[in-house]
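Worksheet: one structure, shown below.
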Amino acid sequence: MTDHSSDKTALVLFSGGQDSATCLAWALARFARVETIGFDYGQRHLIELECRARLLDGFRAISDDWAAKLGDNHTLTIPTLAEISDTALTRDVAIAMGADGLPNTFVPGRNLIFLNFAAALAYRRGITDIVGGMCETDYSGYPDCRNDTIQALQTALSLGMARDITLHTPLMWRDKAATWQLAQDLGGDALVDLIREDSHTCYLGERGARHDWGYGCGECPACRLRSKGWIEYASGI
């Protein structure tokens with residue numbers, strides 16, 4: 001479960017969702033110490049931030065090694081992002097596909113802003129490794145999730161901070177089924193069950209409906225991707 005090859009600290013973008021929880025486990029297997037950062041940007045699914053605390057408690061319960069490695073959990077509030085965005089994640093509007101081929105859940109610049117804030121915090125704390133759950137395999141087409149975007153931002157951050165920043169994206173080329181499998185490989189059934197029960201993906205913040213893959217409305221793009229991945233993972237496809 002654990003690789004002690006690194007004596008460094010990593011900062012994980014940890015929203016409380018499936019992908020970021022899996023990335024947290026990935027980081028705990030590779031770094032000597034791991035801190036987490038989450039963002040309150042006025043999202044409709046603010047419930048995800050409440051899930052973070054339960055997930056962190058769950059990680060500590062799964063492994064004493066993980067418990068020892070987990071460091072500070074940071075939460076930053078960025079209200080301006082909702083003020084300048086007109087999307088289904090920050091407004092009470094129906095989720096729909098836009099004329100540009102992107103769903104209206106796309107929050108322009110969100111990951112760019114998150115990674116800039118994460119890098120600024122990491123700089124203050126002497127951290128040069130940042131881990132995020134961006135992926136361009138099973139995703140909604142968001143341009144700020146693409147590998148070329150992340151690589152360009154890594155270069156910009158390294159230049160702007162005058163130190164070598166590494167942006168790790170362990171899910172970039174994994175589909176959702178492979179993401180479930182990665183959780184299994186890293187933490188066994190205990191981690192898979194924790195992610196099913198206590199992570200949150202649904203864009204609408206629905207926690208009343210329980211499915212095999214966890215909680216959610218079952219209809220939004222995030223729920224559909226998570227459900228499809230679970231079915232493929234569980235059936236061994």
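Here the Cβ of each residue, glycine as well, is placed from N, Cα and C on the backbone.
The model shown is predicted, which means the values in this text are computed figures rather than measured ones.
Of the listed candidates (Cys145, Cys202), Swiss-Prot assigns Cys202 to the same Zn(2+) site as Cys217, Cys220, Cys223.
Surrounding the centroid of the Cβ atoms of Cys202, Cys217, Cys220, Cys223, where the record places Zn(2+), the chain contributes additional residues within 8 Å, namely Thr201, Tyr203, Leu204, Glu206, Gly216, Gly218, Glu219, Pro221, Ala222, Arg224. For the recorded ATP site, residues Phe14, Ser15, Gly16, Gly17, Gln18, Asp19, Ser20, Ala21, Thr22, Cys23, Leu24 set the reference point as the centre of their Cβ atoms, and the other residues of that chain within 8 Å of it by Cβ are Val12, Leu55, Gly133, Ser199. Ranking the binding-site residues Leu24, Cys217, Cys223 by how many other Cβ atoms lie within 10 angstroms of each Cβ puts Cys217 at the bottom.
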